[in-house]
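Contents: one structure, followed by commentary.
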């Protein structure tokens, strides 16, 4: 038995008080404690009815309410009522309790009840009484009150371990007709909003040539890997993006804004660079002509390149590279090396997608696309012979043109260029290194495959999908031509032994492959190597779905840890039925959920597959706004609301997260999804699934907060040698609640 000291104010700041009354040591299961008197019900007053206390544990009952900090005097008594009836009631013995200013006027005392037993004898029951009160600011009131109420109910998922191996299916997976689905799942398919709904040749998605190949060619010739004339004086006819400065009369500065970084240039030519920490965050910068660092301000090189649109480790590494790495190492060129049909373009596309998702400005330059635009798509195998001097000159010219485009793009702020070609001779690679001197760091990425079955499969896919054979009606004729082309490359092929390189040897299936690394250092090259170690081409589906509709979805509240609504529970049964039908032949699939109960409860009807809880899959942390509606946020925190509306990607909730923060914590999930060889079902939340979906669909970072990931819909991502394909199934309707 005890009490707390009063913390209430005079109410001048508009604050509120949480008041909780707790009755302990009540063990009679047939009688339920109540509070009777002048007690507020969510801000209103009612003395005509008894308020039921909520069970807090096996022997504790609690009633909580909110009152103004300068509230009027409250009086009440405890009483107990039968669970299944209104009479008789047993009222607490002794005088009425008086609550004033958040404290009892009298000393705390136990609650005494005289209760008649079954044989008519009176029994005195004694219980402990506790009073607690806490001051709550208006901004936290909505979230705190709702969360406090819900926490009175024990979580329905406590006791479930992080990993559940329930591999034995039950007989009644479906709940009668309410959970059943028709056998033909195709009737639930809805249109996908992305171009990845069908297989697309990866090279077609790469960068278009910036030069106007149709109107002119370079006057300089790149023959046998040597450059004729001055590379710096090559005439260009390019479509270059020009940034127009906007002048401010107040600051006398010119400001250019790019993703994640702002460069300020004063009229005297001095420049300063700072990295934005998020909308509404203080901007810290220092003119870079100063010779020292003071306080927490960091001196940045005056010609620093644009920082990645990222936070955390990525942003920290970018700042470190700016300060410590040579200028030419701030830009990175990944130059592919390998024979045709070894998966170079697929690997390049995957790596481009990963780096873009992390926030690095990355582009994929495919030399084959340049060749088709300049020389046409119907080049026979003779064009690729090692003794065809004109063919060698033409191919080197196109490679140099693509390299120039990539270097020009880096000068405009690009960070990582993926240069996709065979680059199978030392002379070609020497030419590229000469062009990159003082401009970027080159890492060669060589793909080697010795599995004839994989090579044959890739050759057939190449002939089926490549624009080189789009006009060839005879598949067998195209197959013979491509194999002849391959022989021509094999005769002149020289493995990489120079510079910094990574060799991927038989890594296609992910079994028994090797990765050789030479002279690789730095944060970003290290992340690239780690990513490549975990990638493979094994076809498998990844199913993404939000949890079933929750009570907070119905209420329009963000965050929280509420349970499912009736619709949400129905969806969980339909989802289990869908998974059973869709993955009936998959014995090694798994189900991943967040640690929040609405995600775990959605997965609970699914049987036959192991379930793993990931903290990284939890919904975006709404911080001080957790539990609010957006209308409450707009009313109580207008500045935060406006900041969020201006930039949802970078906006960080007070004491919470931004979408960029979510991307950073999801990187281990992406790596593990790439490493998995069996199907995976991910049951998570809207912001998290937007970020995951953006990775697979290769969507720009700025689009992530606006991607459509509706409730009660399954997004199937098909991974494999043909790239990423998407299909959507809508099992039922649900509340659409934007974040």
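Glycine too: its Cβ is placed from the backbone N, Cα and C atoms.
Automatic prediction, not curation, is the source of TrEMBL annotations.
Positions annotated as domain 'CBM20' by TrEMBL: 11-120.
Residues annotated as substrate binding site in TrEMBL: 546, 547, 548, 549, 550, 551, 552, 553, 598. Remark: residue 547 (active site, tele-phosphohistidine intermediate) has 564, 568, 596, 598, 599, 601, 602, 683, 684, 685 as non-local neighbours, by Cβ distance under 8 Å and separation of at least 6 in sequence.
As annotated by TrEMBL, active site, tele-phosphohistidine intermediate applies to 547.
Listed in sequence order, 559, 594, 596, 684, 685, 686, 687, 688 are the same-chain residues at least 6 apart in sequence whose CB falls under 8 Å from the CB of residue 619 (active site, proton donor/acceptor). For 619, the entry in TrEMBL reads active site, proton donor/acceptor.
The local packing around residue 598 (substrate binding site), expressed as other Cβ atoms within 10 Å of its Cβ over all shown chains, amounts to 29. Each of the binding-site residues 550, 552 was scored by the other Cβ atoms within 10 Å of its Cβ; the lowest score goes to 552. With 546, 547, 548, 549, 550, 551, 552, 553, 598 listed as the residues that bind substrate, the site has a largest C-alpha separation of 14 Å. Other Cβ atoms within 10 Å of the Cβ of residue 548 (substrate binding site) number 30 in total over all chains. The Cβ centroid of 546, 547, 548, 549, 550, 551, 552, 553, 598 marks the substrate site; residues of that chain outside this set whose Cβ lies within 8 Å of it are 562, 564, 565, 568, 602, 711, given in sequence order. Its own atom aside, the Cβ of residue 546 (substrate binding site) has 29 Cβ atoms within 10 angstroms in the protein chains shown.
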